[in-house]
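Annotated in TrEMBL:
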- B:142: active site, proton donor (ACT_SITE)
- B:303: active site, nucleophile (ACT_SITE)
- B:103, B:141, B:311: substrate binding site (BINDING)
- B:6-378: domain 'Glycoside hydrolase family 42 N-terminal' (DOMAIN)
- B:392-600: domain 'Beta-galactosidase trimerisation' (DOMAIN)
């Protein structure tokens, strides 16, 4: 498998290159990513190209047996370009032009910028498309990151209007679809339609959702501009990818993935200014998102954190063991290659406190040794492991447009989309049930349980899919705010949960949005949740069963004794409705029963910090990876039946496995 | 009496209209408000008018015996207008132009906008001014709401300069009045005078106060433009009103009311994002403000909340019972008509989570039934009730310019104008003493007690009124920061409390502004407050009695033992000075004594959640309304002497009345 | 000595002037500052000058024996100028133009503004430069205050580019020095270089540091424009100063001081909106900063707080005794003259709540009496006291560019530069060891201990100075993040602490930035700190001793037992390294040992609220001043050996001195 580093030869004197490459070889690196911020070097003035620096670097790496991934440099348009064509710069919601001086200072809606992008990409493709040691390409870098996904300038407005015209054909259709009759917003010319700049109140939610779709489409088409040009010139073995980050922006990775050979991901479980890493399930679900992006296909981690990160703020120092743990976690959940960010901390620039495998002094120390241990171990079993099959019983539905709709109308100040998604995803993670993220295009065959968290913005096809899944015997878990919106962000006219009403066997005739610090409480009244109490926060649906039975009830306010969780038989399947945001204990009790009934495979462990994943190798043997995310506490895992062998030490383990803090193991069944 | 709903036929297919009107009739609705956001429908392109939709709706309503209030649609200028005349758009303090895309996106200082407004208003007036079932008009909608009261663009600056020229005639007068010699701000041309855009420090407080006056005047004259045009064309029975909201903006409802037949109010005791309703006294004082706006005249509640409200954030779900309670509270304090907002929740647009009598699914449910019960009950006694007289013993002074002056210089970060106003208003509310809000133009005859909270910006005529009131035997309650400022926002040259010094019999030679979290303490030393302790916050006047006696003293800091509350005999009256912000217990003890001495009628109840109001009917019988705002606790009221009859159930009550949570009753004395 | 008031005759009717001057004389005032905001009066229209008002005021003062300091009025360009030349206005980071309407609304980079400034300064210099009662000049007012230090407009950008061209000569040098190869920022024309306007991420830290240097240089050159012109016309006895404030802005007072005769300071231990005064050591270190600004030279307090201060927010009322205490503290630490701000509170303008010796009513009261007592006392011994020598054993290193570098990259959200500086300065203050602030140009001879707090941005000359100081027998205290940056804000390539590694006898191979609320703990393991525990916050260096010995260790996390404080013998000296931010107790224990070993003179007192300073008079006698900053608690000081006499009361004290709250004494040794 490929394991490598992100390398910036341009940031170091050439005298150092030899030593860098020597240390990389010693480390076992077989791939480096290069050039993704090197536009100015490759096009020092308009129309003048100079690839000598990267030529030289690639030659040195090639000679040393290290292969190369090349990034197109379009995340950083050079100063000369911005000076001459300032219309490239993005504009914020107040109309403030974003300045040159950092990165991502362009709007994809600028035709000028698309032209420049096309030229540099084509030049690179022509120069390196046939190169033997260049194995693939990364387009741009982290599309949309750091609020660069939405731009509100005049070129953006014009592009938005064009996009809308394409989508709606006539203004009547658009006016109807947006409900512009509200507040007298009916448009009588395409040119009247604004981008959502600052208003006194709030924009039309249908416009906002279309604006997010437009922004995402604009990026998708911008990426396609690059992939089309690359494919024209590169040899067929070279692949194309893009390194995504998941920070809720208006980017549609599923659409974009169609133009890519596979997805890449920049894996930073902790970032500048964070006091500690995000939760294990939060990391895991990002890997699941990666796999889902191209129908289960493996992905690259194009940037894997290797040291403390930060710009003007730093934060948490990854502990000894974290490199191995996060590497194993990523591979277990689908990563096929790991590229550590970055080879060495820069001595200058905004990211000089992004620490790498080496720090500023360039000396191999603890982190270098840890990476070496990982590479050495993976050299024993890595190829087999990444070739093995990850097969999930549990599907968790995700639709990026639903996330946007929630961003537009969170409805409660306590609502955070990702947090609520994880509320319904994490019980599976805590039980080590394998999960897939599924989207509207996914095939649901083979899953036993389908979790559909906060399914606010609905899609008729998805409603149909969910219904069929249940009818055919599957188990569905629905949550509060299911079925509320139509595709154009209108509230449905049916009584809630709208199209899912019969399925769920309930009606929601009243609901309450709870604000930060406000709570109700819930008590289980039947089945596994019986007697379990929980705080209820964020949202309370007053659930009225029609055909469903009641599993839990509210315990205060005027809707005391109203149902909060229900279970309904539908066709051959079962549908649960969870009408509020509940705590782990009751969620785990609920899921335990559901998984048991549905025959979901789980692995028992000491708690949420322990994460175990099994995958089946081509020879039928099973890889079992297990990590303990806790930096302080030991953990344990009840190993599945059989004999498990550590492929490196060849030690054999069985039964109850004890795990040191930050332990990371891979075993193979004998 | 009129009870109705706010209806938006344009938001629903015509097929639904018949069903809507059928349900309205069944409900007992006799009036609907229409059209206040319908500009684009009525003027789909510049100069082209089309009233067919509202014609049809009005006809249907008329046929069903429902009368109509028409809103002029000027809160929502259409897209075609903004595209062609972008100078209509308002500008914020940073110079950012507010975008089209929501509502209230205009500055009243735009002549272009005034012209367009005049045309649509005149067209409507001509078309509907003689219509038999149209009973009145609402101008625009919630002037100044959501920060639309102040605009800082070039047209605003020019209008401000013109307004100043009119006010001051010469620059010398203006320079003198503003103290522009400070920081070298003397103006030598009118064109030099800025609107208060962003500065490094803070603007001249005299300029800021005049800017607020200018903004309010601009809205008043804009409203007059509409009322003048309407009156030219409408039949004399049609009245004109405007629906105000009270959120501290630079709008002068007292001035504007002179051009209106009566005031309307949009009554939202809880709004999007609020975890719970505002305090009972806070709602009550808004109704008192309404009554005060036109010298005690009754008002309409043009929007009465009927369901949970919100845009992107929702919040508190009004409890079963709230509709009746808030309706009764409003009528008790002067509302003569109730229009519920809104008939049905919209399925689209910014306000789609403003829930109405019906929700998105259009089915009559709990809220519909509650409204029906209210209407049925009011049909028995409503007309008599609204015809009865509300007569207060206690006057509470309010001057909107004083509120602006506090907004400009809060002096402590713990100071909130409305909160402090309520600190001095609420004790009366808690004792069920009837209160009026009085302003500088009010006649004070007949009041027993005059409360003058945080009277920072003074007016010589008001000083004179207060003095005469006391001299003639009235009781005055003054607070900290009384008498500080002259009309031009200069600090007075007298020792504080300036013109009220002799009246109060005290001098304030030192004071301290306390910040959030900082406190002193006060202990009563004489009379009813004797031995009562209180935290003292926000502000401490070090009160030095000249002729007054000391009722309470500070208990810490170097001014320990300095007076905090004093009482002074002045003429035939008595003047209290409360030098700091105190807690309810000591305030109630103080007011209890004051009210007793002054002969104020009170009603004893179990606490601040219970609110009782008596009004005298034309036949001499008395209406007693009583509500319990608590959603959780029972309350009680000691009924005034006599026999009280529920006009609906005809049950008789006497003595101690027990009140369920959210109980709302009206009794009539037999 | 000079004691006076800041006076604004232009703000009062001339009828009042006589009374004001009479009261000043009665008070004992011998100097007033005038005219620093009087531009509009002196140049009422472009090119027309009128000095009559100040002529008259100066004449009145002169007649009454009061001398005058004149301020140039350039902090407040008049309205006519801004209207005609709006390019004078500064621009913020978003590109928003700062409006006329307050003060400091100019950018020093405007040539137009420089021309106007030159003209008014020259006019004033010519008119008053020979006046007998005018003793000196203040240029402008509080340069850079309230964010006026940095402007981001087009003229600023152009000036920045010119400054850079001057500094770097070639773009290659600049590109190299800034590391612009990072993120493709290489500049190929000077005109491409931005000022740091809003970007999506963060600007290049090397650009940011140069921008701060540029801003400071621009102000220095602007000030020099004024001082050069003044010196051309004034008599040699007139001095020139500027009144600085220390709020972390991009102003370099040390550079600017070269063009001034001495430094002045505006001393506000508490300001509008603050609930209480800043810590005693924070005030003290400001006075030390003043003395350091011109190599130990005494300074004027040009504005000494005399009452509660504030604009729209007020806050803390200085207690009886504070005027004397803060006056004595300032003189003890180097002030040679005190000018109270302000004579009387203005009745208008932004600063109308800046209370003065008199309040709005103009009557002499408590504050007047307190100032009188101070002046009377100082008339007995003030001249001798200010002539006496302040001699410190302890030098604390400060470099304003280091402060800027920290501002650009605080690295932890818990880091506050001033707070951390004080962490290492305050132990000396608590022990009443005399301190000097030293800068890169200071001579270190004669100091016993050199404290170098958070020395992040290094200078080779300073590294050399520190090294020599230790080698020659001095004691050095280094802190975490020492030695990290080169002058161009690059991270050094050496292992940390870089150039100080041998000196400290440690290596830092890992470190962690702790965020707000995060802590580690440290325990002393040797010497005076042995057994003392402390919370460790903000930053943890994992200190690896090479030649040093370990004084304290971390007590948690994976680096438990790693060194946190070390001590190293180096040459004839000793070097301490404190790798984290620790609490007072352990810092005091550490410093106690260090000071004892180094022979630093200390005075034992009851706590940090007591501050004692000794100075040696020309006759060899010693002045001992002691103040108790506590408003609530008594304090005590163990007097140094000998007999101490109060020069006013002639009382004699010895041994243990008890101090009332807010006591302020000066004694002289007999």
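Backbone N, Cα and C atoms are what each Cβ position is placed from, and that goes for glycine too.
Please treat TrEMBL annotations as automatic predictions, because they have not gone through curation.
Proximity to chain A (Cβ-Cβ under 8 A) holds for B:103, B:311 out of the recorded positions B:103, B:141, B:142, B:303, B:311. Counting only residues at least six positions away in the same chain, the Cβ atoms of B:75, B:104, B:243, B:244, B:245, B:266 sit under 8 Å from the Cβ of residue B:142 (active site, proton donor). Counting Cβ atoms from all protein chains shown, residue B:303 (active site, nucleophile) has 25 others lying within 10 Å of its own Cβ.
Secondary structure at residue B:141 (substrate binding site), taken from DSSP and collapsed to helix, strand or coil, is coil.
In this structure, the residue listed as 'active site, nucleophile' is part of a beta strand by DSSP. Looking at residue B:103 (substrate binding site) and residue B:303 (active site, nucleophile), their Cα atoms lie 17 Å from each other.
For residue B:303 (active site, nucleophile) paired with residue B:141 (substrate binding site), the C-alpha to C-alpha distance reads 11 Å. The number of other CB atoms found within 10 A of the CB of residue B:311 (substrate binding site), across every protein chain shown, is 21. Secondary structure at residue B:311 (substrate binding site), taken from DSSP and collapsed to helix, strand or coil, is coil. Over the domain 'Glycoside hydrolase family 42 N-terminal' (B:6-378) the predicted model carries a mean pLDDT of 97.
The substrate site in the record is lined by B:103, B:141, B:311, and its two most distant CA atoms lie 17 Å apart.
According to its DSSP assignment, residue B:103 (substrate binding site) is coil. Around residue B:141 (substrate binding site), the same-chain residues at least 6 positions away in sequence with a Cβ under 8 Å from its Cβ are B:36, B:37, B:71, B:75, B:103, B:243.
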